[in-house]
Amino acid sequence: MEGLAIRASRPSVFCSIPGLGGDSHRKPPSDGFLKLPASSIPADSRKLVANSTSFHPISAVNVSAQASLTADFPALSETILKEGRNNGKEKAENIVWHESSICRCDRQQLLQQKGCVVWITGLSGSGKSTVACALSKALFERGKLTYTLDGDNVRHGLNRDLTFKAEHRTENIRRIGEVAKLFADVGVICIASLISPYRRDRDACRSLLPDGDFVEVFMDVPLHVCESRDPKGLYKLARAGKIKGFTGIDDPYEAPVNCEVVLKHTGDDESCSPRQMAENIISYLQNKGYLEG
């Protein structure tokens with residue numbers, strides 16, 4: 001027998017603790033479990049508990065003597081009081097940024113490239129993921145280190161708790177933007193490929209990085225072309241009313257105004273090939289010095 005788990009079931013047990021508001025009598029606020037090592041419980045007590053149907057240990061004590069707690073444990077008291085007032089949702093305080101002994105320029109020198117974020121945005125079916133893969137491969141062949149954050153892939157892990165509601169979409173973009181920023185700081189060329197329909201969300205991600213390190217790539221493909229491709233069958237479902245809030249159908253897509261690269265669909269197979277589009281992005285990165293240490 002390794003230990004004993006005792007369940008507390010909100011009994012009407014009243015208690016007082018010397019120095020912590022002895023006159024305050026309150027019920028335990030919630031059910032809970034108290035796990036004790038078997039060695040710390042006398043054999044007779046273990047037998048008593050095992051045979052009892054009405055044993056109710058105290059699960060918690062609600063302390064009301066804040067003055068005494070504050071006097072004796074000021075730091076702990078402040079944390080407890082803040083957590084109580086804000087249900088644990090208050091932004092963390094008393095945190096300090098720790099500088100690294102290796103700076104971004106050191107990592108970029110090692111990799112012989114400069115970190116940045118290539119943010120590919122456009123309608124579903126515009127070819128974002130395809131171009132992202134082509135770009136990653138082309139840069140890899142040049143000896144450059146990249147990492148791709150695909151919108152669908154990220155929702156399998158980091159953002160699996162998010163839906164497609166407007167506020168969740170904003171949080172989805174925010175998280176990906178923060179992760180992309182970390183990759184860029186390492187010196188990696190981070191390729192983010194996702195619809196990201198709202199300008200304010202894309203601009204918020206841009207503001208996370210130094211000027212020039214956010215390269216917005218707009219897949220300028222007409223809706224009718226994207227809908228004719230419909231690789232996932234989502235447009236068909238949206239038209240049938242089975243998907244609500246689908247970008248381009250019953251939710252807007254806000255095209256970039258001053259993006260760095262526009263990949264426009266012209267109908268010409270050669271100029272619209274994923275490889276050629278990737279080369280257009282690489283030309284921009286090359287001209288801006290991102291492919292050099």
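Each residue, glycine too, has its Cβ placed from N, Cα and C.
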Listed co-binder of substrate (same site as Asp152, Arg155, Arg169, Asn172, Ile195, Ser196, source Swiss-Prot) among Gly115, Gly233, Gly241, Gly245:
Gly245
Close to Ser124 (ATP binding site), taking Cα pairs within 10 Å and only the binding-site residues Arg155, Arg169, Asn172, Ile195, Gly245, are Ile195
With an 8 Å cut-off on Cβ-Cβ distance and a minimum sequence separation of at least 6, pull the same-chain contacts of Thr130 (ATP binding site), or say none.
Pro274
Between Ser126 (ATP binding site) and Ile195 (substrate binding site), how far is it from one CA atom to the other, in Å?
9
Candidates Asp152, Asn172, Ile195, Gly245, namely the binding-site residues, that fall within 10 Å of Gly122 (ATP binding site) by Cα distance:
Ile195
Looking at the binding-site residues Arg155, Arg169, Ile195, Ser196, which ones sit with their CA no more than 10 Å from the CA of Lys128 (ATP binding site)?
Ile195
